[in-house]
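A.B. asks: Structure below; questions to follow.
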Amino acid sequence: MSFCWVSGPIPSVEAQTKAKFSLSRFISRSSWSATAETSDSTVSLTVCSNPNAPIGVYKLILDQGEAIGLGEFVLLFNPWCKQDPVYLASEAEREEYVLSQDGLIYRGIPKRITVLPWTFGQFEPGILDICLQILDESPNYISDAALDCSERRNPVYVTRVLSAMINSLGDKGVLVGNWSDDYEDGVKPTVWKDSCSILRQWSNDGCRAVRYGQCWVFAAVACTVSRALGIPCRVVTNYGSARDSNGDLVMERFYNEFDENIADDSIWNFHVWVENWMTRPDLSLGYEGWQASDPTPQHRSEGVFCCGPAPVRAIKEGELTFKYDVPFVYAEVNADVVEYIKLRDGRVFKMGGSTTEVGKSISTKAVGRDEREDITHNYKYPEGSEEERRVYEKANHHNKLAQAGEEPGLHIKIKVTPDMQIGSDFDVYAELKNNTMVTKSCRVMFYAQAVSYNGKLGETCGLGEFTEMNLASTEGEPGSLKRLTTLIRCDFGPLQILGVPKVGQNLVADLALQNPLPEPLENCVFTIHGANLTDGKPITHE
């Protein structure tokens with residue numbers, strides 16, 4: 001007796017959306033397996049999934065020569081399974097971040113933090129179906145359903161899709177954002193107190209975006225959907241949250257002579273996003289765990305209005321090159337503030353600034369208690385400490401490299417001169433660049449070797465060795481650059497044939513070959529062969 005499960009519109013074994021398995025004596029914890037028990041006329045079937053299988057709706061089929069459908073089931077991420085990418089070891093945290101259907105969202109200002117009770121309701125009737133519908137309405141699914149269903153094994157991918165689909169910019173997302181104070185054609189964001197009303201309205205209206213939401217509403221709905229799909233999730237509030245419009249990690253406030261703020265950068269009293277718990281096999285070890293994700297549509301990531309998941313530890317350590325959107329979240333919690341006054345004649349004067357105004361009292365609900373937990377230390381070192389300034393300088397350095405299209409580290413590129421002529425000796429040079437924050441001591445050796453078309457190595461054609469040198473780093477900017485040059489000796493250049501061929505007429509051709517070597521060539525031969533031109537025999541000319 002064998003079974004088959006399938007998921008998605010185009011199931012395949014390669015995409016891991018289809019598998020066949022037989023009954024076994026024991027359940028396997030690493031692959032699809034099944035056991036059966038019989039009692040009178042009843043057969044009880046126990047099925048265990050591969051821990052890395054994509055989430056979604058599955059059909060279980062009995063294969064006995066013909067396919068017999070046994071039913072459907074929904075597979076979710078499993079934070080109780082150690083092999084699952086969302087495994088969470090603490091039972092108390094699983095109760096809070098997966099099973100709890102109620103929570104607290106923090107708003108206000110640091111000196112007067114207010115509490116908004118919220119009903120997530122992820123286990124309310126019909127909500128899971130709506131959450132799966134959100135995935136099926138995403139542009140990713142519409143453009144390539146097979147690939148999208150396959151990628152649903154990865155919580156990083158799913159979280160990123162949800163971040164885009166909770167807002168309605170650019171897709172058939174759930175919520176429309178509105179910060180205009182005009183809500184006549186919808187619901188004022190402060191009226192909402194639960195996620196289920198919003199999700200049901202979106203689904204019942206044919207996936208038409210619900211009006212209106214602001215940051216805490218976007219985050220609360222994202223939390224509901226994440227928990228419904230099995231991803232541990234919590235709502236996080238950042239006070240003094242910066243919105244860096246130009247990506248320089250600095251909040252520049254420009255005032256005119258009437259003390260009016262004329263800058264694009266802004267600092268919100270508070271901003272709310274979510275954190276999701278997962279592994280990050282795409283990153284270095286140590287960056288798993290809580291990942292910040294922001295469904296409020298204020299940032300384009302790879303052309304889409306979404307943000308994250310960004311490892312919280314990467315934000316704290318200033319690792320701005322890590323995926324996804326770490327620079328944007330880093331600026332939200334740790335940007336410096338600089339204030340300028342701009343006069344009518346165009347002159348600009350710096351008035352002051354602050355390194356401590358942004359990112360305060362970062363808050364979430366405590367585990368098992370209706371109390372606020374301050375998690376600022378997860379996002380940044382203490383303000384004014386040496387560690388905090390060190391991380392800021394590193395982040396600023398990485399950010400400037402990214403804006404220049406470069407990466408941190410010590411890099412070497414091999415280049416040739418633009419005027420290189422094939423067949424002639426030419427100069428090749430190594431370009432060394434120090435994009436670290438410290439001076440590097442380097443020793444370079446050039447070695448060039450001829451290679452044939454089949455990969456067989458030939459003789460050495462270039463060798464150069466250079467003594468030890470120091471490569472300085474320009475603080476905060478892409479580092480110093482040095483070029484080292486060596487000469488490569490080449491083979492012969494192309495043969496040139498001069499003459500204009502015409503049908504039915506003899507061709508007098510001038511054959512030219514330039515000798516690239518510093519010594520004369522002797523006993524040279526030109527050989528010409530052409531179908532219907534040389535009577536089947538080569539023409540040889542000494």
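Glycine is treated like the rest: Cβ placed from N, Cα and C.
As listed in TrEMBL for this protein:
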DOMAIN    207-297  domain 'Transglutaminase-like'
ACT_SITE  Cys215  active site
ACT_SITE  His271  active site
ACT_SITE  Asp294  active site
BINDING   Asn334, Asp336, Glu383, Glu388  Ca(2+) binding site
A.B. asks: Measuring Cα to Cα, how far is Glu383 (Ca(2+) binding site) from Cys215 (active site) in Å?
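C.D. replies: With the alpha carbons as reference points, the distance is 26 Å.
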A.B. asks: Give the residue counts of the domain 'Transglutaminase-like' (207-297) per reduced DSSP state, in the order helix, strand, coil.
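C.D. replies: DSSP composition of the domain 'Transglutaminase-like' (207-297): 14 helix, 40 strand, 37 coil.
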A.B. asks: What Cα-Cα separation, expressed in whole Å, is found between His271 (active site) and Cys215 (active site)?
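C.D. replies: Given the Cα positions, His271 (active site) is 6 Å from Cys215 (active site).
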A.B. asks: Across all chains shown, how many C-beta atoms besides its own are within 10 angstroms of the C-beta of Glu383 (Ca(2+) binding site)?
C.D. replies: 16
A.B. asks: Cα of Asn334 (Ca(2+) binding site) to Cα of Asp294 (active site): how many Å, rounded?
C.D. replies: 16
A.B. asks: Cβ within 8 Å of the Ca(2+) site's Cβ centroid: which residues qualify beyond Asn334, Asp336, Glu383, Glu388?
C.D. replies: Thr355, Thr356, Val358, Gly359, Lys380, Tyr381, Gly384, Arg389, Tyr392
A.B. asks: Between Asp294, Asp336, which of the recorded positions has the fewest other CB atoms within 10 angstroms in the structure shown?
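C.D. replies: Looking at the recorded positions Asp294, Asp336, the Cβ with the fewest others within 10 Å is that of Asp336.
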A.B. asks: Roughly how many Å separate the Cα of Cys215 (active site) from that of Glu388 (Ca(2+) binding site), to the nearest whole number?
C.D. replies: 27
A.B. asks: Name, in the order they occur in the sequence, the residues of the same chain whose CB lies under 8 A from the CB of Glu388 (Ca(2+) binding site) and which sit 6 or more residues away.
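C.D. replies: Once residues fewer than 6 apart are set aside, Glu388 (Ca(2+) binding site) is near Asn334, Lys380, Tyr381, Pro382.
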A.B. asks: Return the average pLDDT for the domain 'Transglutaminase-like' (207-297) as a whole number.
C.D. replies: 92
